[in-house]
Structures are given as structure tokens and as C-alpha cells.
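Chemist: Checked TrEMBL, it gives:
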| type | residues | note |
| --- | --- | --- |
| ACT_SITE | T169 | active site, nucleophile |
| BINDING | R197, V198, G199, D200, T220, G221, H222, G223 | substrate binding site |
Amino acid sequence: LGGMKPVIVVHGGAGRIFKEREEGCRAGVVRAALQGYSVLKQGGSAVDAVEEAVRSMEDDPHFNAGCGSVLNEKGEVEMDAIIMDGKNLDSGAVSAVKCIANPIKLARLVMEKTKHMLLTDHGAHLFAQAMGIPEIPGEKLITERSRERWKKNLEPDSNPEEFQKDLGTVGAVAVDSEGNVACATSTGGLSNKLIGRVGDTACIGSGGYADNHSGATSTTGHGESIMKVVLARLIHYHMEQGMSPEVAADTALDYMKTRVGGLGGVIVVNKAGEWAARFSTKQMSWATVKDDNLHYGIYAGEEHIKSVDEALASEREGF
């Protein structure tokens with residue numbers, strides 16, 4: 001193995017996490033971080049680790065990605081995802097994809113099997129078929145909760161913006177033992193969004209960015225605001241100017257808030273393996289593993305620390 005100590009950081013989305021969902025969100029980000037870390041420990045690449053961590057959260061109905069995604073105005077799931085390799089700046093993304101379980105897997109195939117970086121809707125669907133990705137019925141991705149929320153938002157006096165606060169995009173960043181970095185982000189988007197709306201997640205530099213020269217970032221929050229300031233790349237710019245991940249994240253989030261009134265959250269790791277999980281929303285579920293220690297939290301200032309062994313033991317007992 002190379003000389004770097006591997007690090008993974010994951011987020012399960014910034015926004016407002018309802019009390020009855022807290023435990024599930026905490027358990028979900030912890031599970032994702034442990035799975036990504038185990039890939040890194042076995043000598044896997046940063047790209048493998050972030051894909052694995054995000055896949056784990058796409059499969060978890062607590063998060064607005066994969067199964068559990070919110071519904072668009074027509075009551076359908078349309079998902080966006082991106083993955084990026086910091087070694088050569090290769091990236092793959094998909095937008096407005098339906099009827100597949102793991103958009104992040106498709107994004108990775110776009111990166112590795114095409115000369116393109118972003119495939120959308122019908123074209124992404126044809127590519128998925130060509131790659132042998134199984135199609136699943138759209139209903140399989142829809143949870144009771146997403147449908148309830150969609151119905152509520154259709155009521156004449158409803159305010160979908162109220163619900164946008166519980167966003168739940170998922171993401172991961174990692175440094176592997178070779179010192180390579182990667183990021184991955186996946187989302188169901190905004191509840192009751194217009195058909196064909198694509199937010200920040202699929203856009204390189206907004207939903208995520210990874211460059212071995214600086215580090216890796218994955219974002220969550222109000223997509224349109226994130227796109228206006230190109231949030232992930234902005235954080236990298238600040239790190240290139242010598243800021244720590246934490247200061248870079250806070251500076252960029254603060255700019256997004258003052259300049260366009262947008263709230264969100266980010267996870268960042270720099271090339272030295274220093275990490276940060278920062279947010280301007282009320283909450284963001286996050287977890288990280290470094291030096292065989294797991295750190296996780298949801299509220300500002302909240303940080304639990306456990307050894308990985310202890311965490312894996314309680315995982316097996318069902319958290």
C-alpha cells in the first residue's frame with residue numbers, strides 16, 4: 001500500500017431532518033462510511049470507495065437518492081448523479097434518469113466507457129440498457145413518504161419550498177492509500193420539481209469536484225444556489241489559496257448565503273487527508289472514518305467518535 005492513510009467522508013443531505021428520521025439517517029451515513037472505508041482498507045481506489053458509499057445510501061430509503069427519491073410534479077422519480085476521479089479529472093454524470101436502482105453506477109460507466117461526461121434522460125436510459133444495467137419498475141423507488149409529500153405539495157395552499165428544506169442528497173469524498181482523491185454525489189432532486197429539472201448534482205464543479213492537487217468535495221442543499229456560485233469548485237479555489245478544508249467550506253457557504261441567499265452543506269477532504277463536514281442549514285447527516293476512528297453527527301457542533309471495531313460490532317447488532 002502507498003504511504004497515505006485513507007480517509008472517507010460521507011453526507012446524507014443538508015436541510016431539516018425530522019426527529020423520527022434522525023436515527024435512520026445517522027445509521028445510514030455510518031453504514032456508508034464504514035463500507036467505503038473497508039474498500040479503502042483493502043487497497044481499493046478512492047473512486048471505488050465513494051461509489052460504494054453512495055450506492056449504500058441510494059439503497060437506503062431514508063435518503064433522497066435512489067430508493068426514497070422525491071417525486072417530480074408528475075409523481076415520478078427522476079435522479080441525477082456524478083462521480084469524479086481526482087487523478088486525471090475524469091468525470092461521469094447522469095441526469096433525469098428513471099427506473100434504475102443506482103444512478104451512481106451508471107455515472108461511473110459514463111466516466112469509464114464513453115468519451116462523454118454527462119448523459120441525460122432517454123440517452124442515459126439507452127446507455128444503461130447497452131451496459132446491461134437492469135431496469136426496475138419506477139414504483140420500486142417510491143416510498144410511502146415520498147408519495148405523501150408529493151400529494152401534500154399538490155394541495156392548492158401548499159408551499160413546496162417548505163419541504164425543500166429536507167433535501168437529503170447523498171455524497172462521499174475519499175483519499176486512498178495512493179493519495180488519489182474522488183467524489184460522488186447522487187440525488188432525487190427537489191420535491192414536485194418540473195419534469196426535466198436538473199440541479200447542481202450532475203454538474204461538475206457544483207455537485208462535486210475532485211482534483212489530486214487540492215482535494216475532493218461533495219455538496220448538498222439548494223441546487224440552483226449551488227450552481228450560481230459553482231460551490232464545489234469555489235471551495236477548491238479557497239484551498240488552492242491555502243485555506244484548510246474547514247475554513248474553505250465555511251467561506252464558500254457563507255458567500256453562497258450572502259450573495260444568493262442559498263443554504264447548503266459540504267464534505268471536503270484535502271490532499272493531505274484533512275477533512276471537514278460543514279453546513280449552513282439546520283442539519284446535515286455526515287460521517288467520516290480516518291485512522292480507524294469513526295466520527296459522525298447531524299446537528300451543528302455534534303460529533304460522536306467511536307473506534308471502527310466498536311462501530312462494526314454495533315452494526316452487526318443492528319445499531
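Any Cβ shown, glycine's included, is placed from N, Cα and C.
Thinking about packing and proximity, how do these listed features fit into the structure?
Modeler: For G199 (substrate binding site), the number of other Cβ atoms no farther than 10 Å from its own Cβ, over all displayed protein chains, is 23.
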Chemist: Of all the binding-site residues given, R197, H222, which has the fewest Cβ neighbours within 10 Å once its own Cβ is left out?
Modeler: R197
Chemist: To the nearest whole angstrom, what is the C-alpha distance linking T220 (substrate binding site) and T169 (active site, nucleophile)?
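Modeler: One finds 6 Å between the Cα atoms of these residues.
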Chemist: Run through the Cβ atoms and count how many others sit within 10 Å of the one on G223 (substrate binding site).
Modeler: 29
Chemist: At a 10 Å cut-off from the C-beta of D200 (substrate binding site), count the other C-beta atoms across all protein chains.
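Modeler: Counting Cβ neighbours of D200 (substrate binding site) within 10 Å gives 30.
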Chemist: If one measures from the C-alpha of H222 (substrate binding site) to the C-alpha of T169 (active site, nucleophile), what distance in angstrom results, rounded to a whole number?
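Modeler: If we compare the Cα positions of H222 (substrate binding site) and T169 (active site, nucleophile), the gap is 10 Å.
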Chemist: With Cβ-Cβ distance below 8 Å and at least 6 positions apart along the chain, what are the contacts of V198 (substrate binding site)? List them in sequence order.
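Modeler: Spatial neighbours, sequence-distant, of V198 (substrate binding site): D80, S95, A96, T120, G189.
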Chemist: Quick one, of the recorded positions T169, T220, G221, which Cβ has the fewest other Cβ within 10 Å?
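Modeler: Lowest Cβ count within 10 Å among the recorded positions (T169, T220, G221) is G221.
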